[in-house]
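Read the structure below first, then the notes.
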Amino acid sequence: MEGILLRRYGGFYYVESGGQVWTCRLRGRFRREADLLPGDRVEMVPLGPGEGVIEALKPRRTLLERPAVANVEQAIIVFSLSTPPPDLELLDRLLFLSGVKDIQAIIVWNKVDVAREEYRDLPGIYRQIGYSNLIASARTGQGVEKLREVLAGRLSTFAGPSGVGKSSLLNALQPELNLRTGEVSAKGGRGRHTTRHAELIRLPGGGWVADTPGFSRLDLPSLDRLEVAGYFREMEPLIGRCRFNSCLHRGEPGCAVAAAVEAGEIARHRYEHYLNFLAEVIARERSY
Ligand SMILES: Nc1nc2c(ncn2[C@@H]2O[C@H](COP(=O)(O)OP(=O)(O)OP(=O)(O)O)[C@@H](O)[C@H]2O)c(=O)[nH]1
Ligand SMILES: [Zn+2]
């Protein structure tokens, strides 16, 4: 039988398969080789009522470190339309990292019930770029049904800064779970969750969510400098249209990206974040 690992505790592995949770151990030789993570798809054999043994690990499609979760399919990137004010460089970084990891990004603009006028255009700007956007309020319930649909049948991780309402949204999705507000914490680096393992929460509407926010590591992975623009969706179609093939879009003559920025087709803040990320990627190349 195929199953998905929800959590591990001591030598026990809790695997969901066929609509129930099995308490499993690892089969002999496999025990020394396998380092299983929540989200891993495994091959298990039932031994008795609710008990089984894991015989094999299926290939991982994606891997998130810190918290370590395998096979995450989508990142629910939560920002607030009120307080804390949206940090667009952090948003663009999360979108960039999702792209690099090949994880579908969905932006949730929470706290629309108290939205500030100055942030009202943001969902439209990101929708135009090509990202899925959802406007929500954990307080009034607006957007929660939509979010439930987005989560159904997939393995997701929540991401986003502290105080935007990640726990509140999870609670709204499943009142019976009732995480303490503030429990799902994304304090980069030294958060409350950095030492414990992530677990998957099984949602009542179907699908799984990691109980610990993803992307607590925000440094960019090692990439070739020429790859950076490819992870900015609005720049990607322009690649190859610049005068020079090796164009890094930072002031070279005949640059199609710079022209698009000038024409107002690429938001200036996005371009600035591109330049920042490019500089970071180049600095990493040098440190090898
Ligand atoms: N007005 C309003 N307040 C909200 C909404 N969602 C959450 N809040 C409030 O925002 C504060 C932070 O919410 P949390 O759910 O703890 O935020 P979090 O993202 O989980 O924060 P961390 O655990 O620190 O990462 C709480 O006081 C919530 O009651 C919303 O949609 N509207
Ligand atoms: Zn260029």
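Including glycine, each Cβ sits where the backbone N, Cα and C put it.
The domain 'CP-type G' feature in TrEMBL is assigned to 61-218.
As annotated by TrEMBL, domain 'EngC GTPase' applies to 70-216.
Annotated GTP binding site per TrEMBL: ASN110, LYS111, VAL112, ASP113, GLY160, PRO161, SER162, GLY163, VAL164, GLY165, LYS166, SER167, SER168, in sequence order.
Look at TrEMBL and you will find CYS242, CYS247, HIS249, CYS255 tagged as Zn(2+) binding site. DSSP gives CYS255 (Zn(2+) binding site) a coil state; it is part of no helix or strand.
Secondary structure at ASN110 (GTP binding site), taken from DSSP and collapsed to helix, strand or coil, is strand. Here GLY160 (GTP binding site) is compared against the binding-site residues CYS242, CYS247, HIS249, CYS255, and the shortest C-alpha distance is to HIS249. Ligand 1 lies within reach of ASN110, SER162, LYS166, SER168 from the binding-site residues ASN110, SER162, LYS166, SER168, CYS247, CYS255, judged by a C-beta closer than 6 angstroms to any of its atoms.
Proximity to ligand 2 (Cβ under 6 Å from any of its atoms) holds for these binding-site residues out of LYS166, SER168, CYS242, HIS249: CYS242, HIS249.
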